[in-house]
Amino acid sequence: MFPMLTGFISYGQQTIRAARYIGQGLIITLSHTNRLPITIHYPYEKSITSERFRGRIHFEFDKCIACEVCVRVCPIDLPLVDWKFEKDIKRKQLLNYSIDFGVCIFCGNCVEYCPTNCLSMTEEYELSTYDRHELNYNQIALSRLPISIMGDYTIQTIRNSPQSKIDEEKSWNSRTITDY
């Protein structure tokens, strides 16, 4: 009977210890609920992108001739081009086009070498998601034009600030060799 009593006592001690550990974890979890988020948007204003900025790729399905030049010039063979050969018109018919921006290095080779100019770089650079599979864009997602950064109020106030007007006057007064 004595070994059975010690078994009950050790079981009770283990149960109390487990409840205490669960309680400590719960207290730590509840103490973090009132904290501010760790990540914040930085910079606070959206950046003004340059004219030749290489952001998300825009794709025009109607212009594509499924030549696969974009796949050949891509250093990582990234664009996936599905097509079938139409015998009656003797041309390739594009079925599907997709790019995984989780893998893309934004080199711009596909845009530069496209013979029909169906690819172009946009000024959209905020592509972060919680799931990496959401970065795989098909032809429908690629054909959507991004929301223009120029419509943003913070960008407009920066461009209309007195400092930017002074900089514009300086740029008009100073000429370089390329301006002539």
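Every residue gets a Cβ built from N, Cα and C, even glycine.
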Of the residues C74, C118, only one is listed by Swiss-Prot in the [4Fe-4S] cluster 2 site with C104, C107, C110. Which is it?
C74
Of the binding-site residues listed as C64, C67, C114, the one whose CA lies nearest the CA of C74 ([4Fe-4S] cluster 2 binding site):
C114
Based on DSSP, tally up the residues of the domain '4Fe-4S ferredoxin-type 2' (95-124) by helix, strand and coil.
5 helix, 9 strand, 16 coil
Counting across all protein chains shown, how many other Cβ atoms sit within 10 Å of the Cβ of C107 ([4Fe-4S] cluster 2 binding site)?
14
Highest CB neighbour count within 10 A among the binding-site residues C67, C70, C74, C110, C114?
C70
